[in-house]
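Single-structure report; data block below.
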Amino acid sequence: MLGSNCTQTTEFSLAGLAKDPATQVTLLLLFLLTYLVTILGNLGMITLIRASPLLHSPMYYFLGNLAFVNLCTSTVITPRMLVGVLLGKKGITYAGCMAQVFAFGLFVITECFLLATMAYDRYVAICHPLLYPLVMSPECCSRLVAGSYLLGVTNGVAQAIGMSSLFFCSSSAIDLFFCDISLLISLSTSDTTLSVVILRTCSSLLGVPSMLVVLVSYVAIISTILSISSAEGKRKAFSTCASHLTAVSTFYGALIFMYLIPRSGTSRGGDKWAAVLYTVVTPMLNPLIYSLRNQEVKEAWRR
């Protein structure tokens with residue numbers, strides 16, 4: 001129960017990744033470079049997809065939206081972390097924390113469904129190639145992308161509502177470099193039932209189905225590829241989804257390690273680096289993965 005002399009916390013303290021000044025300088029330079037590469041890579045990918053007729057297809061339409069979401073995800077987290085390290089300010093206001101929770105919840109779920117949509121696109125292309133133009137029509141692709149953003153907004157609003165119901169008295173130190181809703185729940189001094197229900201419901205109704213779509217799609221894809229008689233045919237079929245499979249493995253692997261493996265206590269400890277992987281590193285790697293492993297993207301860059 002809240003004490004009568006307890007007032008709502010107006011600012012949180014973000015622990016960051018390191019306390020040693022020398023390590024902080026190294027991390028500052030490293031994450032600044034990572035963020036610059038993220039901006040240039042994703043903006044370059046979006047521009048290339050729009051400018052090159054070679055890339056005017058459903059797969060690259062989804063990839064352009066994924067690049068936009070990656071850019072937004074990194075921008076929600078990285079600049080605030082860089083400013084904190086550079087100026088030595090660990091504090092973030094309650095309103096700023098609320099905004100981070102909403103934006104991060106929005107873009108993470110949107111990316112989950114975009115990756116699921118891309119997996120379904122590869123499934124139709126490999127398993128039902130004759131039906132591909134009909135199934136993945138421009139109208140269908142637009143609806144799938146719009147639905148991904150709508151579900152992302154739904155999750156962002158739900159998480160923000162869950163956080164607004166929390167009350168924080170004296171425990172305002174977050175052992176991470178951004179406002180993570182699960183840590184905020186553990187720090188709250190009020191009844192967290194509503195926040196926990198919202199978090200688990202959104203994870204069950206939004207996160208899990210998107211992962212299942214990816215899993216089922218790739219089981220069918222791998223089964224189809226293995227049934228191809230020629231080695232060259234198998235290689236070509238696998239090359240069309242290798243980049244996406246790499247991106248999916250990195251993103252979902254970090255999320256599963258971060259949120260689905262049971263933890264004790266409020267400290268994330270080594271989990272900070274898992275958070276770095278899906279909030280900072282993955283948005284930078286995705287455009288590089290698709291550029292280096294995709295022949296059509298390479299040809300578009302050359303042209």
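Easy rule for this one: first residue shown is 1, then count along the chain.
Cβ atoms are placed via backbone N, Cα and C, with glycine included.
The transmembrane segment annotation in TrEMBL covers 27-48, 60-79, 91-116, 166-187, 207-229, 241-261, 273-292. Residues or ranges marked as domain 'G-protein coupled receptors family 1 profile' in TrEMBL: 41-290.
Counting Cβ pairs closer than 8 Å to the transmembrane segment (91-116), the top stretch among 207-229, 241-261, 273-292 is 207-229. Scored by C-beta pairs under 8 angstroms, the transmembrane segment (273-292) has its highest count with 27-48, from the stretches 27-48, 60-79, 166-187, 207-229. Note on the transmembrane segment (207-229): residues 109, 112-113, 115-116, 119-120, 122-123, 126-127, 237-238, 241, 245, 248, 252, 255 of its chain, located 6 or more positions outside it, place their CB under 8 angstroms from a CB of the stretch.
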